[in-house]
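As recorded in Swiss-Prot:
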CROSSLNK  281  ubiquitin cross-link
DOMAIN    283-403  domain 'Nop'
REGION    423-511  region 'Disordered'
COILED    435-511  coiled coil
COMPBIAS  440-450  compositional bias 'Acidic residues'
COMPBIAS  454-463  compositional bias 'Basic residues'
COMPBIAS  474-511  compositional bias 'Basic residues'
């Protein structure tokens, strides 16, 4: 017998086909082109109803993942009695999972079976007694919404999409602000060129334009809210002796409009930066404590989500953002990059050139731990203690490599464990002699280490001298070889010239 397993929003339906070899039919589409033919071909053999919406969601997820649930297994055992029967299923993964159960029937899932399912889905309400088309549609819609919610796992505090969009917008704002500020300085620079050299901050420059207007009003304009007293005096002095040209009121209006845009963009950028910082502390507090808000947000945006970044190994996190350099290095067989986006982290920035790669590797390892705690820990809090501890360890490692104290992060004070009081021990006089012996042993160990270091230095020096000698000997051999080749060339040339002279002489004598 041939059975067709149909998954509906109401439950599992097991349909019995009248034709044993229906899945081998060449004219299947013509055989199942009407409801009468479908009803004639298939009869319902068993139906396992879902008890609730939660049960329906659980079963649907099992089918999507290619797993056989206990409810489905119970239904399949009903056709176990029919020997040499065939079960037609829609998914290949599900077919493989059913085969592993060891039931006594053949499981089929191929391109031909899709036509069977297409016909069954079209006339499904007629095949299931007591089920109307409207009821099935409502159930399907409810189940679709449940699956969607399950996949999204929506939580207002866990939406990393907000971080991805915020960091992308922040980068765009920075580019726009730089472009607008440059254009504003070039435009207003025709009227007051000295101002750009005195005031380097773009926002302060735009605010001065809005407050002062034309440079002739500088002396009577109060700029104390924008600039310090010394710089304000310099601006006013420069305005009196400026080399700039005069501009019309129309020009100034357009410059003011651009300056207003710069001030508004800067205010919105600051607001967006604060929003991003708050989001990062809510979603990835440990990563934020370790690498900072901006670097952490860029890592999440580059990988697509917090979960996918947490699944990445430390080696991937280390070079994330340097993919082009990595593939170019692999193609040309050169050294691979040591860091990507992590280069902009403050801890990597504190290291000198030779230690940047080592610190990037340590930082990537600690970032991987922090990310997994942020993304996957069930009982995590938003204090970021793991990130602070990891940062302290990276700073200690950096201090060891640099040979100077660079530690800035305070130690995380955790709640002390309860200590049980025991009876105090009496003074042991023998311990003094043991201590003295251990001190003498440590002194002897130090002497042995010093001897080893001296020996290693001597060996390194000898190797260096040997290398230099070998280089000199190679150079001498090369020079000797070159001289020999030159000599041989010269001899050949002389022989050739003699031969030519001789032949010329013989020709003359013949004449």
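Each Cβ is built from the backbone N, Cα and C atoms, and glycine gets one as well.
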Chain residues in Cβ proximity to the compositional bias 'Basic residues' (474-511) (below 8 Å; excluding those fewer than six residues from its ends, i.e. six or more beyond): none
Three-state secondary structure, residue 281 (ubiquitin cross-link) (per DSSP): helix
For the compositional bias 'Basic residues' (454-463), the number of residues DSSP places in helix, strand and coil: 10 helix, 0 strand, 0 coil
Three-state composition of the compositional bias 'Basic residues' (474-511), taking helix and strand from DSSP: 37 helix, 0 strand, 1 coil
Within the predicted model, mean pLDDT of the coiled coil (435-511): 70
